[in-house]
């Protein structure tokens, strides 16, 4: 974790931020595991916010009416191979694609209101 966190802290600093926000599909589950590992390893400098995260299950439910990763990806026009599903790397890559797709199209889908 220390090695991974070094890279995350470097990216956070280079963007002028104070903390990273975890992105995950059912992210509260992942964040709980991350926080437990941090405590177990007695890591003092966790770059991730301790209780905030972006949950693609919730965001996809709002954006596409789908909370299952495979169905949300299909609704977003992202290829999803069911044979690859549930491998940590594949699901992580698809979650990242889904998150970026939702964020990049959120305004055109009516997710932001310009009050200016």
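Glycine too: its Cβ is placed from the backbone N, Cα and C atoms.
From a predicted model like this one, the values you see are computed outputs, not experimental measurements.
Noted in Swiss-Prot for the protein shown:
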type     : residues : note
DOMAIN   : 18-99    : domain 'Exonuclease'
SITE     : 29       : site 'Important for substrate binding and specificity'
SITE     : 51       : site 'Important for substrate binding and specificity'
ACT_SITE : 86       : active site, proton donor/acceptor
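Features as recorded by Swiss-Prot, highlighted on the structure.
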residue: 29; record: site 'Important for substrate binding and specificity'; CB count, 10 Å: 13
residue: 51; record: site 'Important for substrate binding and specificity'; CB count, 10 Å: 9
residue: 86; record: active site, proton donor/acceptor; CB count, 10 Å: 10
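According to DSSP, the domain 'Exonuclease' (18-99) comprises 42 helix, 13 strand, 27 coil. Taking the Cα atom of each, residue 86 (active site, proton donor/acceptor) and residue 29 (site 'Important for substrate binding and specificity') are about 15 angstrom apart. Cα separation, residue 51 (site 'Important for substrate binding and specificity') to residue 29 (site 'Important for substrate binding and specificity'), rounded: 11 Å.
Each residue in the domain 'Exonuclease' (18-99) has a pLDDT score, and their mean in this model is 96.
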